[in-house]
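Taken verbatim from Swiss-Prot:
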{"type": "BINDING", "residues": "36, 37, 38, 39, 40, 41", "note": "ATP binding site"}
């Protein structure tokens, strides 16, 4: 009789985490695993190869070769072979060039990587991509956010499930709107976005997928048809189906556990040299900051940071939801290049909501992500006695007080 080893707690925890994150029935749709060859992504691959078929789904993989290592092409091919051994199909290898993006090395790699993910989603019409971020990654992300001083949003870290609109600004290296996606299923319409759970489904999001219309092109996302600088806001009516979903089922699984999973399955994983390069902020936090915190404060620091992220997500998502509703009510589009916001309403609005409305107006109408400084400057326009009357924003956008309104418009003219 063939003896099968008893699964370990790490394997059981990871299977349970993935089962709890995915819909109960995938309706034979494809889910891609983002594979790098590292322990986390290999652990996600083997767990997904067990979980997803049991949810009536198919498993494939996308391997992104950043070309930053001399042997990166060979590593990508080895990862493909390993994925084939676990019957993943299809397996896509996407070769990207992060150096072409004018940003820092970490941001450039991320932008190029997400562009490759979108290409893979479009090419395969996959339901989702699974990313193998762990609890350790979440803790590091929270610390990175605190370093940047970006307020409560820095504490919420990464979401277990996020939708294409959240990250579509990375598509084609150009900013796009944060748009609420509309889902149609179970004979009723259900508005779900990255800040809400599905109101007509008892399971955590994402909602159950529908069979895809193969005659339809799902990418680029409709929100990405925006032109930089135009005052065109895309709302629920612009999207009539579900698009790409990014799922992080391992946010409660530690890096130690993913190593144990690889050990259980006899998988040799690749250690990316960049994960040891202290030029990168995340690496310094991982190897220099976190060990000190664990030694000086206690071994539960990363768990506390992860728990903080979950609590912060609940608070910030609720505030974002209220802000979106208020923006829907008060914003008036004056032209293709101008909107206005009533000063009286903003003055009566609590500061946390007011600042969010200002930021959302700039982002959703002009695809401009405002800094805290610019947001505060626009807020000063609400004060009639203040000496400031207009604010110059990035990408030739201007905010100006005229009468009882704040006007935001682009200096590029009608687009």
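Heads up, the Cβ atoms here are built off N, Cα and C, so glycines get one too.
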- Message: Using a 10 Å cut-off on CB atoms, tell me which of the binding-site residues 37, 38 is the least crowded.
- Response: 38
- With H, G and I counted as helix, E and B as strand and the rest as coil, say where DSSP puts residue 36 (ATP binding site). coil
- Query: Of all the binding-site residues given, 36, 41, which has the fewest Cβ neighbours within 10 Å once its own Cβ is left out?
  - Reply: 36
- Message: For the ATP site (36, 37, 38, 39, 40, 41), what does the 8 A shell look like? I mean other same-chain residues with CB within 8 A of the CB centroid.
- Response: 35, 42, 43, 132, 269, 270, 272
- Query: Residues with Cβ closer than 8 Å to the Cβ of residue 40 (ATP binding site), same chain and 6+ apart in sequence?
  - Reply: 132, 133, 134, 137, 250, 255, 258
- Note on the structure: Counting every protein chain shown, other Cβ atoms within 10 Å of the Cβ of residue 39 (ATP binding site) number 24
